[in-house]
Amino acid sequence: MSEKNLKVGARVELTGKDLLGTVAYVGMTSFAVGKWVGVVLDEPKGKNSGSIKGQQYFQCDENCGMFVRPTQLRLLEAAPGSRRSIEDVSGATPTAAQPTKARLSSSRTSLSSSRQSLLGSRTQLTTSLSERTASSSSIGPRKSLAPQNSKDKESPSTSLAEGAPAASGGNGAASHASSKRASFVETGFLEILKPQFTPSQPLRSPSFTMPSNSGAEDKVALLEAQKTSAELQAQLADLTEKLETLKQRRNEDKERLREFDKMKIQFEQLQEFRTKIMGAQASLQKELLRAKQEAKDAIEAKEQHAQEMADLADNVEMITLDKEMAEEKADTLQLELESSKERIEELEVDLELLRSEMQNKAESAIGNISGGGDSPGLSTYEFKQLEQQNIRLKETLVRLRDLSAHDKHDIQKLSKELEMKRSEVTELERTKEKLSAKIDELEAIVADLQEQVDAALGAEEMVEQLAEKKMELEDKVKLLEEEIAQLEALEEVHEQLVESNHELELDLREELDLANGAKKEVLRERDAAIETIYDRDQTIVKFRELVQKLNDQLTELRDRNSSNEKESLQDPSLKMVTETIDYKQMFAESKAYTRAIDVQLRQIELSQANEHVQMLTAFMPESFMSRGGDHDSILVILLISRIVFKCDIVVSQTRERFPPVDAITREAVTQGHAVQQYAFKCRLLHYVHSLQCALHQILYGLNSCQPDTLLRAGSSLPEMVAQEKIVDGIIELLKSNQLDENSTTDNIEKCVAFFNAMNSVLLAGEQLLNEIQMIRDCVASLGAACESILSDTAIAKVIIQEAGATSDSVLLIQFLNENMESVRQQVKLIKRRLPSDQHVIKSGLSQHKVEAMRGLAQNISRIMSAMHQATKQSLAAIVSTIESDNAAEHTLPQEKYWALLTASCERIYEQDDRGPTQNFKTLLAQANSDLQLIAQHLLDKEYDIISAANNASNQQKSGAHSTPITQRAQLIKKQLEQKNVLAATLENREADVKQLKVAAKMKQNELSEMQIRKDLAEKKLSVLQNEYEHAVDKWKQKYEETSLQLQLKEKEFEETMDHLQSDIDALESEKSDLRDKLKLNSTTGKVQPGSESHSPHNISLSGNTSTAPGISNVSYSAPAGTAPVVAEEVELLKNAFNQERNQRLRLQAQDMRAKLSQFEPLHVPQPQDQRITALESELTRMKHAWVLSLLQVRSQDSVNSGTRIDAVALQRRNQPVPLKGEISSKASQLASDILTEYLQRKPHRATHGQFASFPTVDVKRVLQI
């Protein structure tokens, strides 16, 4: 009965058991596939109480519940209300799903625990990174000599990070402060270090040498020079003291550098120790995971064993249920068999009545023909046939009208949908035009803004940017190094997450494989059920046809007997038969309606299956769907199996359509068509069995060959599809009842030749042969050929004129009869001795003998063709003679038949023709001997064949033999996995390439920057060169002027020297005169009164002359008129000396000032600022919140599962984590606060406007604003 009528609460009756009950459950169950109905019986004759295998479906008393199929129930009373049928059990969980859920819960628990451990490791990594940065920043910066005017100038870049002194580097407070400063430094406020200055030796003071022949003015100048040298020595001592202080500071810096190197070495050692600890932790983690996996595998094995035991118990219960169902089914079938036997007996009685009536009719018709009377009109039987045809035509007309109305309705519906789609398209086009207009406006606005931005950026700003870019890049390098360290930590966390996800993926794949296996089992059961349903439908169709025929005969009998009312009244059994016929007809009509509904449902299933296949093929790559690919290979296998199935249909329908002939007489040959139809059936079956032989071998080969051979076979799909149309044509002829003896078999012969050639071409390199199936097909083909040849020989016997028994044609026909009978007996014997198991492949025969049997079938096919052509031409000749001469006999001379047979042998055998007798006798003698050998071998080796087949099947089950389709599928899966791996590798390579491109771009930018610097340096060099040339010209002019003045002074000096020389000469002459006078005075001995005043002068003169004659000459030789000139010259020399000394001191001071300005300014430690500390702590919290927002994953499944979770881990997991949007807004606000604080502390870094202050370009780049 229909499953739609079965609802909970309905009253039903169990067919065949006379039990009443109430429906309590309708739906799917876990103990068997399909829909079951739970019935609460009125009597305690059930089998359960509503529960099976620990699962409660409904409640009732003990032994009052029973589960049956919907087809075993008959509805007595519908449900009182519209209660919904229970489609699935929601309160109980099947035991089969418990291991899977346990495995999922354990995997999820391990995943959550691994994530918690990863969060802890991530916190440790961030802490270590902050400590690393703190240790690097805790080293005190180098001190440098600040210039004297440092109060008026400000340093171009300062660091916000405060270095702790080296002496206090061990206490905890300093390390905590340094870690805070290090976390604050990570934002990019770094100071760019300048190269240190190593002062050179001080310049020596120039030496000044006096000429040896200078006068008193030179002595004064020497004194001044000594005085200046003393001053210079004092300055030199001051500078040496400063140099010593600088050297002392540099020595202190070197000691600090040594301490820094020591700390760096310790840091590297700690890093190595940390890596070793991390490696040991990773190995321990892996061992822990391995141990967990082993424990999980053991638990799964235990659960699987328990599940298997539960499945065994379920199977036992199912077997008992199936046994009971089989017993019930056997009872019903026994009842149906008895009713069918009674019906057959009744129909046999009716058939005998009809035969007697037809014989009487035939005798009356023969009497009318012999009497020369005209044939009467249409009989009642023919009239009834015409009425039935009219009724069928009317029904067809009504169906066509319904179909046309349905098509019109569909066309109107599609037209309405088309109009709706057009209106939607117009609306979308309007929306597109509006959006395109908006896009154009926005692009114009963007272009204007871009032009404004380009106009705002000037050349000077670009030069400044390029000049300062190196400093910014150094800052960025430091930032990037810190980011790289953080990313390496994140990479480690990511690798651990990937490992945990990989384990989860393996678990899910195992579950997916189990689900796919269950799905395949369900599909196999569904296919078996569909095959069973199809076989039953075929049987029902045959019975319906038989019932229809018998109904027609009964209606005819009813019409004939209606005229005789008295006899009908006297025979009450006929009335009973009529009533039963009417009841059966009504039952057949109801069955026909049910069949129509089933056909519609199957049509829906077929359309959905086709759509499913189309959707699945849409996911396949182009290589799968390409010509000669895997898709074509699958289609080839399906095509060959489909052609084999169609051949079976042709065989069965042809045997039913053309029954065998009881006796072949001359009247049956010349006046009827039954003999020719039977011969045609035999030939057709021979070719169909030959086609099946080739197809079976190709199908076996394609299921056992290499994948390359299968792909090669896929390329021949179009040719095979064309050959399939030949078989489809034969089936169409069978459907239209147009297949008869006049139909040609040339196409099927070409099809057989094509597939034999394809078998030899495709499977030539591989020895793949299904021997048993080939023998079975060849036996069927030989049997049909023998039947055809025997029918042709029988026709030849009755149409050849009787003559002597020694003629060639008669002898050949007798020989053919005897040998064909022998071959047919041998074929039947081989067929009986073949194993019934279809999975048996090997027969123990050599390949040469098996191929010889196929050749034997082909050779007998040639004999069959020759005999058929000769018989056909003979009948045509007889018909032509009858048409020309009605009095001629329906026979043919032996000589003419022999000539026709010889001509047909020449056409068929061509070059191998040796005459009919020779052709047939040699072949049939060899055929008998070969078939006897094969039959004897099958009889002797029957046990060996079966045992070898069993061994092969066991080996096949244990060896996991896979078909080429499975191998190709596994290969494609591996290729997809490799493709995914390659895609991941390619993505990594692309990321590396992008990084390299970024690095190359940075290098290109640096190169362009260096090029610009080079151009600027060349420009400055050219400017300096011009200035130098201009200065050289100036100095040349000054040199020439000075040289002219020197020449003039030399001339004046020479003149003065000449004048002085004349004065000296005059003084010498005067001196000599005075000496002469002095001598004269001494000789006279007279001393004058004024001589005492002059004597000291003379003494001093003599002393002077004795000590330093040169000086006395210079001192006392000058007259009174030359003293102003000498004093003026001395004054000029003093002025020149003072100017030169001042210029030299000024240049030395400038040089020292320039050298001191190149030194790095000393860092003055500032007291701790509360605002900076607050900003650092806020920044640290922001970083931790951002990292937690990236790694926090809340797993609801793990919470719902029954695993134990630590309270602290649960509290941390349930701790609220802010969203990324909130963190981003807070981060932007914090950045603006930091920038504001920085600009307040460093106002020179800001550009002041009328309304606000903005950071400069370098600050923007450092902060990445």
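Each Cβ is built from the backbone N, Cα and C atoms, and glycine gets one as well.
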Phosphoserine according to Swiss-Prot, picked from Ser117, Ser200, Ser1072: Ser117
Position flagged as phosphoserine [Swiss-Prot], chosen from Ser110, Ser1091, Ser1201: Ser110
39-71, 1128-1160 - the one Swiss-Prot records as coiled coil: 1128-1160
Integer average pLDDT (0 to 100) for the coiled coil (213-570): 80
Selected stretch (most C-beta pairs under 8 A with the coiled coil (967-1084)) from 213-570, 812-836, 1128-1160: 213-570
